[in-house]
Amino acid sequence: METAPTRAPPPPPPPLLLLVLYCSLVPAAASPLLLFANRRDVRLVDAGGVKLESTIVASGLEDAAAVDFQFSKGAVYWTDVSEEAIKQTYLNQTGAAAQNIVISGLVSPDGLACDWVGKKLYWTDSETNRIEVANLNGTSRKVLFWQDLDQPRAIALDPAHGYMYWTDWGEAPRIERAGMDGSTRKIIVDSDIYWPNGLTIDLEEQKLYWADAKLSFIHRANLDGSFRQKVVEGSLTHPFALTLSGDTLYWTDWQTRSIHACNKWTGEQRKEILSALYSPMDIQVLSQERQPPFHTPCEEDNGGCSHLCLLSPREPFYSCACPTGVQLQDNGKTCKTGAEEVLLLARRTDLRRISLDTPDFTDIVLQVGDIRHAIAIDYDPLEGYVYWTDDEVRAIRRAYLDGSGAQTLVNTEINDPDGIAVDWVARNLYWTDTGTDRIEVTRLNGTSRKILVSEDLDEPRAIVLHPVMGLMYWTDWGENPKIECANLDGRDRHVLVNTSLGWPNGLALDLQEGKLYWGDAKTDKIEVINIDGTKRKTLLEDKLPHIFGFTLLGDFIYWTDWQRRSIERVHKVKASRDVIIDQLPDLMGLKAVNVAKVVGTNPCADGNGGCSHLCFFTPRATKCGCPIGLELLSDMKTCIIPEAFLVFTSRATIHRISLETNNNDVAIPLTGVKEASALDFDVSNNHIYWTDVSLKTISRAFMNGSSVEHVIEFGLDYPEGMAVDWMGKNLYWADTGTNRIEVARLDGQFRQVLVWRDLDNPRSLALDPTKGYIYWTEWGGKPRIVRAFMDGTNCMTLVDKVGRANDLTIDYADQRLYWTDLDTNMIESSNMLGQERMVIADDLPYPFGLTQYSDYIYWTDWNLHSIERADKTSGRNRTLIQGHLDFVMDILVFHSSRQDGLNDCVHSNGQCGQLCLAIPGGHRCGCASHYTLDPSSRNCSPPSTFLLFSQKFAISRMIPDDQLSPDLVLPLHGLRNVKAINYDPLDKFIYWVDGRQNIKRAKDDGTQPSMLTSPSQSLSPDRQPHDLSIDIYSRTLFWTCEATNTINVHRLDGDAMGVVLRGDRDKPRAIAVNAERGYMYFTNMQDHAAKIERASLDGTEREVLFTTGLIRPVALVVDNALGKLFWVDADLKRIESCDLSGANRLTLEDANIVQPVGLTVLGRHLYWIDRQQQMIERVEKTTGDKRTRVQGRVTHLTGIHAVEEVSLEEFSAHPCARDNGGCSHICIAKGDGTPRCSCPVHLVLLQNLLTCGEPPTCSPDQFACTTGEIDCIPGAWRCDGFPECADQSDEEGCPVCSASQFPCARGQCVDLRLRCDGEADCQDRSDEANCDAVCLPNQFRCTSGQCVLIKQQCDSFPDCADGSDELMCEINKPPSDDIPAHSSAIGPVIGIILSLFVMGGVYFVCQRVMCQRYTGASGPFPHEYVGGAPHVPLNFIAPGGSQHGPFPGIPCSKSVMSSMSLVGGRGSVPLYDRNHVTGASSSSSSSTKATLYPPILNPPPSPATDPSLYNVDVFYSSGIPATARPYRPYVIRGMAPPTTPCSTDVCDSDYSTSRWKSSKYYLDLNSDSDPYPPPPTPHSQYLSAEDSCPPSPGTERSYCHLFPPPPSPCTDSS
């Protein structure tokens, strides 16, 4: 059957036409008007019209399914399953637009019915499995049925008798009846029923009609299901909806896409009303007779009901009802003001509330936007706010219960907010952050933020409060899982439980009983303990695969389960268990609350306890707290902003202490600090800077701990000293490990090495920007204090008779230096020239850190564990500031007076392009190391000639003969096991191969990082780059691959071009491109035979330069100017050179080379690196003389590359520099200065000699010539010793004969059994030479002289060409008791063999002598091909439509065949749509709506799965215009449950080359598979690898990059 043409929908009719149609209904019409849904629109058609054309009522719809009307108002209602909405329009209003009636809580509203008397809408939802009712405007919505429903569909009303009817096509198909108020539910039809789709009531005859799409009938029965009769049977294809008028039934059919009619009594008089519809769905007769008016008890005063008045079949024939979740008061008329006990639920992208007052547990979505990944949720019963955390938005937000008033409270310095808790008494909000590993608090409005706990937290999760007792409890699921307790101010912290815990996710307090409950997602238990830590016991441990959210209200504990996708509850005493919600994905936290009940109080409830900011009730007293940056006054209630304060480092923390009051030590909430050492600040930006000698970084943050960032993170070893130049906005530091003093801008830019010579263990730094001096101490063999200009020049020793001077500080007012001496245990001072030395304090146990402010000096003492102060001139009035401190490294006073003054750099950076460096009386402009300053413009130019060398985790730059700057580590992120490096001098990109088998690139300042190749992006995941080289002219990168043993080429923009060289035995490794001459040189590490080869850049013209004197050549470099090739052999430990042609081989160096791994040429020198000796050395490249060590003590060396400037003239002169020489792929410079275009091996050059295209479509038994006039030759001619291709490519790269083949003298290989068979098979007849030799002992000699194995004799198969091995077999056969069967087959066998030989000879003569050789001009292939490769597209069709046929002019040659499609011809459509295949598993919240079904009973009534539809043209899938989404996302019964969050710990190795292995799946939802269970967090910090999949609901839709979602909970990725 051909597909009926789909007509474009007509334009909407003029409003006047609808008015005329509607008004025509007022008088009795001769034929009814049919209202039907057509997916994309709702239409009207006159069933008795002449033209039978439909009129559009509503257009531009997504997926209109069910439809009904209210005749008295002219209103039309319909459901849209794509928009998940119920909508309305009017027939009698000009230009009426569609209105939304119900837009939330719907998933698949399949059925719709209008109660025209009670003015209600009823509908079914086959996904939520509910039947609901609401007023016609959508208000007072109520769920009537939610249990024992399984795919409800059609619904019909009989308001006169108070009944509703519906069909259910689930596991137990049936038709049910109930009162319209939800009472007297009864099954009336449950036999001989399969897919009951359509349903309608004959109000006049009191009959019920329904259509069954599977059994293909229309039946009727009495309204109680009795007296069932057939109306139409057997001849229906796929009836969907039906209605009636008078004696006529009307129905829609999915397969015919038509509306049909018949007599309702007999089923006869069938006719087609309207055909060629887009997709006819529900249908109604738009007539007054279908909605007769009558009086009901609800007419007057809504029956006395406050909300819903629903008709009923029982006296008084109506019932009052309340909206979902609200209880009816005892008077039976009035509803309560709202739900009292509510379960608040956080899902991934929405919040929901579930009333616990009513048994339906319907979840209602809060209308709050921009929820991306909600985690935890809580509620404030006083103000009615819902609070939640969102770890994708990185914020804490709140809104009212109805979704209004949404606010963002906290969205700065918050990484992964997890648990949340409301202190409804003190009006504070607590939360845990598993990213920053903190517990913090604010006021409920988001102000007065303070960190309470920041130490010894690993993965804090749930948090609950006990305001009455002043305690808080939280869980930590880190390496040492535990449940802890502390006061509400974070003090008096102690561990409550730390044994037999895995992932304690949920936590709940029973305030009345004094008990603490928790759920563990790893041990799969719910446990309880007294709040004092006693009497621990297990409440539940059955079928708890992965608890996450957890809460308690009254007698019940509620929890969410990630794997079961359910919300359940258990009685806390009886342990009885119920399921609240089942099969709802993306479940996170939940909170059960009584929305109006406030429990408990404390002194903070009265005037905030007298506190100005935060009030904390604790078990001992009420305490006031201050937000970050404020200090508490001596009244212990008021917080102020301090004028000055002390800041000090103490290993992993940085603290601030008030100078005014004691006991005010506050840890600055900084993340990622390991071992802070030096400390300074920038008062103008309120920044604090510190060095970390463990992380080897310099970092900064605001004084409140926010915006932590690394300023310097490369090339540091032990940065012990640091100082901020607050005028020039520069940062200075001293590195004891590298023996350098460096400077950079405050953001880390323009880094310059200032001093690196004659430094011996530099330590503390101090700056005097006003005077232009820098001061530092040295701890080397001769300790001293040194001064220099701030540009690093004019160094001089100020103090030389000193011990280990530490923490140098300056009194800017009195112009004096202060320092601590660790050897003499004194604090000393001098003037700024090192003179007038005086001891300020002596006999100190161990003074270390030092600072000065006003009239005092402040110092730390490691032995006393204290901070003290004293008079700065006399050392008197010593005062203890703080005790009980360990290892305070540095100390300073944060105050503006410490950073005052002016110099030239304050204004416009001194007009300098990069660095403005103060010097006495002025300033000097400076540049980043290796950059050159232009004195006139004061701008800096990057270096053009330099060396790059790589280590395992770093790439450095150096200029060998530059005495002004040493080598510098480049700020390149993510370097891991760097193997090879290269550089593009045009675009200034560094390229490297890393340990993850990627080729990456970035600018030398670390910007614009990108990846050229990776296992996940490449065509083959088995790629392992070894070496790389760049052709700067054609903008391509060549690289060798260890895994595939190929040479590949990429464009520098990242596009892969393909393979240029591969061979069966090739193992190319080191590579060097000589683009100026069009060649590449490479080492070929074949088994036991290393070679150095040369080839053209397209892999052709291969030439072996050297095969001897090589063992393991590891690196190559080309010097084009000198015309030399250099290489180093790691096993022979020598460096050699030769001409580019391979001549004049010369050994340059072979002494004291231990482990060479790379070499390069720069200027007059040849450089190499030696990994074992940790050195970079060089010699003169022509003679090998003047060997010099360039750099020493460089560990883990891996590569070296020289960069020289390429002039514009030199570049422009290259033939490939302009537009790649016009080539589409590879451009090669020829000797005459012109370009030659070529292609990778999988493509061929087309006739225009510029463009590469697919190879010619030679048949599988043919060989494709690379270039030339001839495209295809028979495969047998390949490697036969006679070149047939014009370019002789058929004789290139011929394989070595296998063990079962005989090698002919001219290279041809023939079957070994054809050797000495009496007939020449080699072209040179060498297989028949020397055939008189004696056969081996285990061989049989044929009559022809051929030798075959003895075991092949008499095996019933002729192995000798003359068949002599099968002769005389019966004579030589051992005696047997069996009677031999008579056979006379020997003669015919010999005849057949001889015939075959004759035919073969004829064929050979025909092919070789008589037949004209094929040339491209006479072939059927497109002659635009000039070259080719032996690959044939699967669906090639020769030009002219011919798919096969002999070569023209060659009648005796083979035909050229191409593969043909098995699917069908053009325009065919698939039998099903994979996107909507029945039973397809999806993990999306919007589409995962299945439940775990028992074994299959019925396939769903869908065109996609109905066998009767497989041979038709219309399928309801997104593949054809019929629909963009199936009307019903059918789910096959018995399929697996929807996918769950990826539940494996994925550990990504830095250097692994293996692919991901397939996952295993849960067979039992009640057990975890240790040790690889799903981690209990949406964002695990342990998963940092770029290819890893975070095991959380956050990955439920994507399952990490391109991998498909698993069809069930996964437990292992091993």
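A Cβ is built for glycine as well, from the same backbone N, Cα and C atoms used for every other residue.
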Key: Cross-link partner of CYS624 (disulfide, per Swiss-Prot) out of CYS611, CYS626   = CYS611
Task = Kindly state the mean pLDDT of the repeat 'LDL-receptor class B 12' (729-771) in the predicted structure.
result = 96
Query = CYS916 (disulfide bond) to CYS1227 (disulfide bond): how many Å between their Cα atoms?
reply = 47
Key: Under 8 Å by Cβ from CYS1297 (disulfide bond), same chain, sequence gap 6 or more   = PRO1303, CYS1309
Remark   = Helix, strand and coil residue totals from DSSP for the repeat 'LDL-receptor class B 9' (514-556) stand at 0 helix, 24 strand, 19 coil
Note = Using a 10 Å radius on the Cβ of CYS1237 (disulfide bond), the other Cβ atoms enclosed count 22
Note = Spatial neighbours of CYS626 (disulfide bond) among the disulfide-bonded residues CYS320, CYS611, CYS615, using Cα within 10 Å, are CYS611, CYS615
Note = Checking the disulfide-bonded residues CYS305, CYS604, CYS1354 against CYS905 (disulfide bond) with a 10 Å Cα-Cα cut-off, in sequence order, leaves none
Query = Based on Cβ pairs under 8 Å, which of the stretches 74-118, 162-205, 686-728, 772-814, 815-854 lies most in contact with the repeat 'LDL-receptor class B 5' (247-289)?
reply = 162-205
Message = Can you work out whether the repeat 'LDL-receptor class B 11' (686-728) touches the repeat 'LDL-receptor class B 3' (162-205), with the criterion being 3+ CB pairs under 8 Å where the paired residues are 6 or more apart along the chain?
response = no
Task = Identify, in sequence order, the residues in the chain of CYS305 (disulfide bond) that are 6 or more apart from it along the sequence and have a CB within less than 8 Å of its CB; answer 'none' if there are none.
result = CYS298, CYS320, ALA321, LYS333, THR334
Task = Sort the residues of the repeat 'LDL-receptor class B 1' (74-118) into helix, strand and coil with DSSP and give the three counts.
result = 0 helix, 23 strand, 22 coil
Message = Within 10 Å of CYS1216 (disulfide bond) (Cα to Cα), which of the disulfide-bonded residues CYS604, CYS624, CYS1223, CYS1354, CYS1360 do you find?
response = CYS1223
Remark   = What remains of the disulfide-bonded residues CYS615, CYS624, CYS925 once a 10 Å Cα-Cα cut-off to CYS639 (disulfide bond) is applied is CYS624
Ask   = What is the one among the disulfide-bonded residues CYS320, CYS1309, CYS1360 whose Cβ has the most other Cβ atoms less than or equal to 10 Å away?
value = CYS1360
